[in-house]
Amino acid sequence: MKILVINAGSSSLKYQLIDIETEKRLLKGICDRIGMDGGTLTQENAEGGTLTVERDMKTHKEAIELVLGALTDKQAGAISSVAEIGAVGHRVLHSGEDFDRSVIIDDEVVRICEKNAELGPLHMPGNIGCIKSCREVMPGVPMVAVFDTTFHSTMPPKAFMYGIPYSVYEKYKVRKYGFHGTSHKFVSEEAIKFLGAENCRRLIVCHLGNGSSISAVKDGKCVDTSMGFTPLEGLIMGTRSGDIDPAAVEFMRVKLGMKAEDTVQFLNKQCGMKGISELDSDMRVLEKAINEGNEKARLAVEAAAYRIKKYVGSFAAALGGVDAIAFTGGIGENSALMRRLVMQDTEWLGVDFDEEENSARRPGIRVLSKKGSKVSVLVIPTNEELSIARETYALVLAK
Ligand code: ADP
């Protein structure tokens, strides 16, 4: 079966067509600048055929219609008719407390997503717009919603509660939800397959990319995670501050003359490693700057690594020890510097880190701990689209 995976942002739409039996990606593409001038679709198939279409897309529906045309393109497409698409998997940011797993989409699911849109005002309108458009233009094709939050729905209340009045939590659902769930789930499953369930009972997954989060996973189920009510909580990320004293936010708002509604944007876009370095959010740029002696770039990376290390320590405590630590995401998979800073001085935890293997470049799953290390340290490349396609297939088959 061929599964179309759709990951819609506020003004972009990423998609992949995956043959689920072979788990091979047949093509991938992106629509940029939806709702703005200068819209473009770019697509590349597995044979290297490429397509660029410059056309304004007023809505996500217009983008979907453009995508359906591109899928059958002679040069860069992968199917001869849209009827070959067996199912569509939609990445949806937020499940609220209404879903604890992926679901087949029907009218009721759309209604609940609309109710929860206020929990993710930047992403949910695009997610819902895409779902509605796909249902219109591909009637009869099963659609599945795969939420970014549901892998974390197994967190116990003591982990997801903030220290706020219970009635506020109850009425407005203000609590920790956690994000990057498809990645944390995929990497947990791969780690368990690789090490065997018995050697992976207490696992810490570090997803480090532009956005970063850590999860504590016990017997394959999430028990805690670093992101919160929104993806702003937790680690120092590319441009996000992560954990910060809310009173410092109010103090900065007054000193910098910000409007109340601009503070969240400030913490999301102007802070993190970009803010500390006053240079860039991109790890490659920061590593280059460090090599050239830039001290603020060094501080940014050291502060981000230190925050990760503290979360690893606290999640080891939450899990009652740790059997394995897995790194994933653009930084987790590629930055030997970040992994080294996080893993140095962790012998107390039972980690015997292999510096040489850490610096080597190899594809696929890699082991960065020495033989006999009590804790296995792994690099596991994530694949969120494949994870969404697998979930979609499982639900469609079960139906
Ligand atoms: P997103 O969260 O947008 O999916 P990614 O997971 O692709 O992001 O991660 C992007 C981050 O990974 C960037 O900071 C980028 O610099 C970093 N990165 C990618 N390749 C390398 C590399 N070879 N060395 C160091 N950092 C890298």
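In case you wondered, yes, glycine gets a Cβ from its N, Cα and C as well.
Remember, it's a predicted structure, so these values are computed and weren't measured experimentally.
Over in TrEMBL, the protein carries these features:
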type     : residues                                                                          : note
ACT_SITE : D148                                                                              : active site, proton donor/acceptor
BINDING  : N7, E384                                                                          : Mg(2+) binding site
BINDING  : K14, H207, L208, G209, N210, G211, D282, M283, R284, G330, I331, G332, E333, N334 : ATP binding site
BINDING  : R91                                                                               : substrate binding site
SITE     : H180                                                                              : site 'Transition state stabilizer'
SITE     : R240                                                                              : site 'Transition state stabilizer'
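Selection of the recorded positions N7, K14, H180, L208, R240 by a Cβ distance under 6 Å from ligand 1 yields an empty set.
Within 10 Å of its Cβ, the residue among the recorded positions D148, D282, E333, E384 with the fewest other Cβ atoms is D282. Residue environment of the residue listed as 'substrate binding site' contains 23 other Cβ atoms, counted within 10 Å of its Cβ in all protein chains. Within 10 Å of R91 (substrate binding site), counting CA to CA, the recorded positions D148, R240, D282 contribute D148. Between the CA atoms of E384 (Mg(2+) binding site) and D282 (ATP binding site) there is a gap of 21 Å. Only R240, of the recorded positions N7, D148, H180, R240, have a C-alpha within 10 angstroms of the C-alpha of N210 (ATP binding site). I331 (ATP binding site) sits 15 Å from R240 (site 'Transition state stabilizer'), taking the C-alpha atoms as the reference points. Each residue contributes its Cα atom, and for H180 (site 'Transition state stabilizer') and E333 (ATP binding site) these two points are 16 Å apart. Proximity note: of the listed recorded positions (D148, L208, R240, D282, R284), none has a CA within 10 Å of the CA of N7 (Mg(2+) binding site). Packing around R240 (site 'Transition state stabilizer') is summarised by its Cβ count: 27 other Cβ atoms lie within 10 angstroms of its Cβ, all protein chains included. DSSP classifies N7 (Mg(2+) binding site) as strand under the three-state reduction. Ranking the binding-site residues N7, N210 by C-beta neighbours within 10 Å puts N7 at the top.
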